[in-house]
Amino acid sequence: MLTHILGYPRIGSHRELKKASERYWSGKSSLKDLLSAGHTIRQQNWQLQKQAGLDLITSNDFSFYDQVLDMSLAVSAIPERYHPILLDKKGNAELDLYFAMARGYQKDGLDITAMEMTKWFDTNYHYIVPEFHKDQQFKLFSTKVIDEFVEAKNAGILTKPVLIGPVSFLLLGKEKENGFDRLDLVKNLLPVYLEILARLEKLGAEWVQFDEPFLAMDLSDKAKATYSVVYKEIKKAFPQLKSILATYFEGLRDNLDLAVSLPACALHVDLVRYPEQLDEVLAALPAKTSLSLGLVDGRNIWKNDYAKSLDFIEKAFKKLGKDRVFIASSCSLLHSPCDLNLETNEQILLPEIKDWMAFAKQKLNEVVTLKQLAQPETKESAAHLLAANQHSIASRKSSNRIHKTPVKDRVASITPADESRKSPFGVRQQKQKAALNLPLFPTTSIGSFPQTDEVRGWRARWKKGELTDAHYQQLLEDETAKAVRWQEELGIDVPVHGEFERNDMVEYFGEQLDGYVFSQNGWVQSYGSRCVKPPIIYGDVSRPQPMTVHWSAFAQSLTEKPMKGMLTGPVTILQWSFVRDDQPRRDTCTQIALAIRDEVSDLERAGIRIIQIDEPAIREGLPLRRTDWEGYLQWAVRAFRISSTGVEDETQIHTHMCYSEFNDIIQSIAEMDTDVITIETSRSQMELLDAFVNFSFPSEIGPGVYDIHSPRVPSSEEMLDLLKKALKVLPARNLWVNPDCGLKTRKWPETDLAMRNMIQAAKELRAIVESVVV
Ligand SMILES: Nc1nc2c(c(=O)[nH]1)N[C@@H](CNc1ccc(C(=O)N[C@@H](CCC(=O)N[C@@H](CCC(=O)N[C@@H](CCC(=O)O)C(=O)O)C(=O)O)C(=O)O)cc1)CN2
Ligand SMILES: [Zn+2]
């Protein structure tokens, strides 16, 4: 019986990697410093796994930005536009090329856009999308996976390197032109994988983990056939190398026959997400294959219920025998915060509730303890751990902090009238045009403005008690007033207050809702150096008092323009929190929806005429298997409608979504019945608009014209081009002009330049359209 995890968080328990990367990017430290920060984190992670007593220790789970981008660099899937970065030998290192692909490059007379970024399955982690071309050739370029294996070996640890499997790598990418299928590139790609494996084997690697999450997704026949070919070839070339084929985030379901037919030493299944699959997997597993049981939840912070896990292990033992069973985390711990022991403030995280939790470091111990409890020879000595665990599990089940009758009663008494606006969109649009009197192509932003070190510093000092409430409030009001004046000067039609008071668009709301607790250090990587600290829902959720009204009303008092109120929607609050697992997600979501509904009413009452309810995570929450979509969409759309429909026709409801891949769910998005939707589209050159060609979307739309994830400043010409593209498929009266998303990660100088260019593009578009009309 072997224990392992599929990967460990790489940000460092105090976000050391984030800090080191940002220092490097801003020119404040050398490449050597950054490389050394990476080295330290890897060593620490290996030592942690070793000390915990795991049998297999993972390598190549470290990444300076993203593990998919690492794979692109490994196989030289480097789009041509980046070639000048290395070719002109400006002293750039491989890592500079890598960061250019991730973040764009505007230096030395070069101006190169970043690669596209999208969500990693249904998580809040983002990966960099590989770009593929017809007949693309691959070759070994970055040797990171090999270097890190050697690095660990030199430290006395023979690791299990993890690679994104070739089929998943191809499926994760995108065809940059028509006329080919990226799966056909496998014949060019596979030799590079074989070369990597040859090098690893030569260096003494015994185990390799291939992450093939797509094996648990809906697959085409062609993808299935590709799987068979690829893993047969790998087995043929390396009959001695032991491979673990890792699936996660879903069940194998209809791919079970395929999965068990692939020649791997071990198959890993996610029993947290899809526990139902154990019996059929056990029944189908070939005689020599081992099964890695993904029992410890990599996606949530609740303690593992050992009694429940031991039942699974027992079942697997009976069928397979002890030697063919592995105990593991359900997926990589990348999605877990690092260390619960760092949560020492009992006012912030009550000890009673903390006792219900486990972060990544604790999960290592859980995996190892489960093995001890499963083996007769160690069972006795670990018995006290089982007892303590069952005590925590029982304490959570019986706690009186969790269930609140008034919240449950209110959910039960929701009526159909609580789920619709008073009039249909056409009527509302007329009334709103009259009430708001906005120009054609109104300009706006998505809500946040730069969260400077200064603003974050005020909050940090306030939290430490070094600033009084009044002083902190005053500083934020000054910053808000400055932002309102700046927007007036630029001539933005629908200003926002800037969200300076928010640490994060979800954590901020969590902090004001009952039923939530927080960590001080529970950071999880979102993309690159950016992290989030998901708040934790442990009980029934309700809103004790208004959450945003002060800020919106204050900002509105400074301008005649309609100030846009800014809320996060129920699905996104759910999706970006750690969620209780003792009731269906939909029930928790409905509770949040009612809290937001009350906030919307309070904003309207305070004179706010435009309210944006952000739902960037509605797409990411979509089940990974199509057969499950409808059920989810039904409750998610209902929750949004409960939150947004308690207003007069004249009040304009906006929503905002990032990540434009929702062509398939456009009908459901229409059913959200908002007045305006702003969406991320610029990195994909307005590809999203394809959906509108076939589907006449009922409401007004702001397709993002500027990529806010990159420090690059777009010109007004390129934004005008995107707007013209949008006008081909959208009626002029419905088109808004805005960036892709909020600007909190940007600096003020680039924000000022880019927003001025954007306003200029809107003006030019108005002039063009007016000249045509006249
Ligand atoms: N939850 C969530 N998910 C999301 C998004 C989102 O906005 N929120 N957006 C998309 C992803 N985009 C993102 C964009 C930006 C950041 C981001 O800026 N994160 C910040 C942290 C934000 C935060 O919580 N800030 C806190 C804490 C800041 C902090 O680091 N404080 C220091 C002290 C600071 C000081 O002394 O000056 C500390 O705790 O050590 C605050 O402002 O109060 C970061 O990585 O730096 C994250 C995700 C999708 N998923
Ligand atoms: Zn966004």
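Quick reminder: no glycine exception, Cβ is built from N, Cα and C everywhere.
When the candidates Asp323, Asp339, Asp614, Asp628 are compared with the L-methionine site entry in TrEMBL, which names Ile446, Gly447, Ser448, Glu499, the shared residue is Asp614.
Together with Arg15, Glu16, Leu17, Lys18, Lys119, Arg530, Cys531, Glu620, the 5-methyltetrahydropteroyltri-L-glutamate site in TrEMBL holds one more listed residue from Trp46, Trp462, Trp486, Trp576, which is Trp576.
For His656 (Zn(2+) binding site), the same-chain residues 6+ apart in sequence whose C-beta sits under 8 angstroms from its C-beta are Ile446, Gly447, Gln612, Asp614, Glu615, Pro616, Ile677, Thr678, Ile679, Cys741. The Cβ of Glu620 (5-methyltetrahydropteroyltri-L-glutamate binding site) has 23 neighbouring Cβ atoms from other residues within 10 Å, across all protein chains displayed. Taking the mean position of the Cβ atoms of Ile446, Gly447, Ser448, Glu499, Asp614 as the L-homocysteine site, the remaining same-chain residues with a Cβ inside 8 Å of that point are Ser445, Val496, Met505, Met566, Gln612, His656, Cys741, Gly742, Lys744. For the pair Cys658 (Zn(2+) binding site) and Glu499 (L-methionine binding site), the Cα-Cα distance reads 18 Å. Around Arg15 (5-methyltetrahydropteroyltri-L-glutamate binding site), the same-chain residues at least 6 positions away in sequence with a Cβ under 8 Å from its Cβ are Trp523, Cys531. In this structure, none of the binding-site residues Leu17, Glu499, Glu620 sits close to ligand 2 with a C-beta under 6 angstroms from any of its atoms. Rounded to a whole value, the Cα-Cα separation of Glu499 (L-methionine binding site) and His709 (active site, proton donor) is 18 Å.
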